[in-house]
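Here is the structure we will look at, set down as structure tokens.
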């Protein structure tokens, strides 16, 4: 801590600095809570400003006012002069405007009152400030923390340019800030105290508009502007009040004689009037089709109104919600009670805000049993997607008004609701009634307190289409997943299966257990997790899901919207959903109303569905066909739904298509799934307790893996195929599961390292195609190794053969994706330097000469027994080694600098030790060691050369690595251009790229700006040529 009299400060607590001084924040040595600002002025600067400093000290001692910064002490040390002044904890007005942008008229009036009070003191003592600007107007909060505007104290500071200027006196010194200088000051004319009034006018204008009234690029341009324009008229916004506009026009007069004087300024009506009277908020008089963007700016006081405080708004809401209306109100009229209530509770800060009547609120609702008398048409209800249905309050008489962008969807919704209401009765024959319930559930699906009460069963309506009015996507009906009534049975492998679910028809309404069809093929059963809303069995449920699941519907009349009585329930698919577009792949496999409990035997799984897109068609085309083994139910001949797999045999295609209709319903937008190239079988383990984070694939295999209970027909075992979808790392074994209903949920966010079995994909997705491990797929024992015939083909390309195992693996996310920018920039720089040094090392190897070429040259020279030829050959070799040594030394220097940079960045925490960083640092270290080794070897070989060839010392000193690299790059480009001219275009692109990389690295190590500019121009020309080559190649 630095000591200044009774005060102390730390040089780290820098507040700001000016042209002559530096300001620190300090405190009293005994009273540590007394904060001060210590202004340090170096005596070296006092030669020209000593007089100004004396004036500032004298003026500050004389001025004692709450709106002027106080001077506590003056201390003179051998090298500096310290002024201990009052500390303002709110910063300056410039910072305040930077944060707020503009200020309201009420705030401007509060600030201007205090500025005027300070100017009154200055004017009474004949002092002109001459440097009034936002940076010299400080803000201080009384409670040492930011509060409302009324708690801000304005203080004028920095009287370094102030001087005594009594009446009838003029000054001619040019000082201050140009944008806030009066025109007479910047034009070097005589001026008086009215110059401060101009500065105050510019400050007020900036508070109102956000920028000074007159600006220019330089003081000279501003001076020329003032000289050319005899009359100046600032652009004042239209919504400005008349008093403030008059004040600004009076202060911003170019001619000081026409400018407002101090007495008129102190007694101006804008300062004398109170705050703008706030009007009570009024309800909206009518519905508006659109809101104008300038509606707020058209009101003079709308711009300056602040939002109501939270306690006031809570008080308004409590009183408005305490007395609900008895009858349906007319929204175009306002009752006297509501107007009086709002006027009582309206705050002065709620000007130009509109309070919507409480009967529109969606937070409170009451359920109304809809009978024959109170039933309305279904198009009067606004349907919202959610866990529960919106409840119609008894006072919502008006029809909902759709959003303009959703008119088509809304019309489609009305038609669907109308057709639904008139489509007939439910299973029991009770008429359908239109009850739509407002959502009372939390985002996780739990009921909120005060939830809607149950509706009688005879009035409950079954709405079979999932509707959404808040999305711009096309409407797509999607029924809920049908499940099987609660039963306990044994699967084909002997594993017990427990179920706690209700069977629902395609419209989502509960179906009595006695009338629920038992449509299963393999005896497997779908499960449903119990939800808290199951206690209301007669309530309609609307769920908003990312992708609509496939609904295995039941055959029979009354269970679907299709006009054909024998067709199963409708299957909705959204045409805008694309394969892979969902943010989570697990959303395709699992759709549950509540989060799935790990290890629970009642986890809900919706059948897997691939949307109808081009990508999905390609995926379905990869799935082969198998013949199903039928298993009749005990109570009828209708086939059971197969939750495990759908096996289609080529010779029995027609029979399989007929059976598939019982499993997959007709899609509204895509047609029959049986018309596709194949079916997607699904296998699921209902009793699995594996963790959700386990990286295991989803194996889809025929039932033969369970011991032949559902074995395929004869002759099909050898040709059976399966599809394996994997994300992340593969398992250790490629063996099929031991149970037909085993379904292992994959982790879709796995980006970790692979296990000992190796990763199928490192950085990009690819497809693994191979043959099954044995003639009977799934017959290999657990722990068996993967099939040796697996092979990889590029992801997205058609595999050469559909024989065997097909694996789709998504690309893993690189670690650097989630890193900070400093990490990625440093890593990019390290990679560039690594590639650059590798290119330099290639050039260095070329400089040394090829050993084969040297051998051929020796054999050639052996014919000519000439001593001169031997000397020239030896000299060229030694000279090449000199160039090699220089290049190796430069490469070692660059590699060492890169390694030091990486070490420093890792220590500072800016560079994370990721896999990519470790790899590049390892490569840099290896190259560095290699360069050091080569430097040692070349130095030993060149010792004799350096000792014998002293006359070449000057030439050797002129050899620089930068020059060698530049010449090599130029030669490389020239040779590539020459080859291009002769149509020898084999590797010219590679050479161009290498030359551009050399120049890029060279621009990073050069120091001379001219050299850097030349290298940059050369590199740009190479890049243009590369671009032209790529364009011509693409055209061909």
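All residue numbers here begin at 1 and follow the chain in the order shown.
Including glycine, each Cβ sits where the backbone N, Cα and C put it.
Counting every protein chain shown, the number of other Cβ atoms lying within 10 Å of the Cβ of residue 131 (active site, proton acceptor) is 21. Annotation source Swiss-Prot lists active site, proton acceptor at 131, citing sequence analysis.
The ATP binding site feature in Swiss-Prot is assigned to 15, 16, 17, 18, 19, 20, 21, 22, 23, 39. Cβ neighbour count for residue 23 (ATP binding site): 21 (other Cβ atoms within 10 Å of its Cβ, all protein chains included).
Annotation source Swiss-Prot lists compositional bias 'Low complexity' at 335-348.
Under the heading compositional bias 'Polar residues', Swiss-Prot lists 418-428 (among others).
As annotated by Swiss-Prot, compositional bias 'Polar residues' applies to 504-521 (among others).
The compositional bias 'Polar residues' annotation in Swiss-Prot covers 659-679 (among others).
Annotation comment: Swiss-Prot describes 9-271 as domain 'Protein kinase'.
Swiss-Prot lists 430 (among others) with the feature phosphoserine, giving similarity to another entry as the kind of evidence.
Per Swiss-Prot, the feature phosphoserine maps to 771 (among others); the stated evidence is similarity to another entry.
Annotation source Swiss-Prot lists phosphoserine at 780 (among others).
Under the heading region 'Disordered', Swiss-Prot lists 319-348 (among others).
Among the features that Swiss-Prot reports, region 'Disordered' is placed at 418-460 (among others).
Marked as region 'Disordered' by Swiss-Prot: 491-522 (among others).
Under the heading region 'Disordered', Swiss-Prot lists 540-588 (among others).
Here Swiss-Prot flags 656-695 (among others) as region 'Disordered'.
In the predicted structure, the region 'CTD-like region' (812-1036) carries a mean pLDDT of 77. Taken from Swiss-Prot, the feature region 'CTD-like region' covers 812-1036.
Summarising the environment of residue 15 (ATP binding site), the number of other Cβ atoms within 10 Å of its Cβ, over all protein chains shown, is 16.
Of the binding-site residues 17, 21, 21 has the largest number of other Cβ atoms within 10 Å of its own Cβ.
Nearest to residue 131 (active site, proton acceptor) in space, judged by Cα atoms and limited to the binding-site residues 15, 17, 23, is 17.
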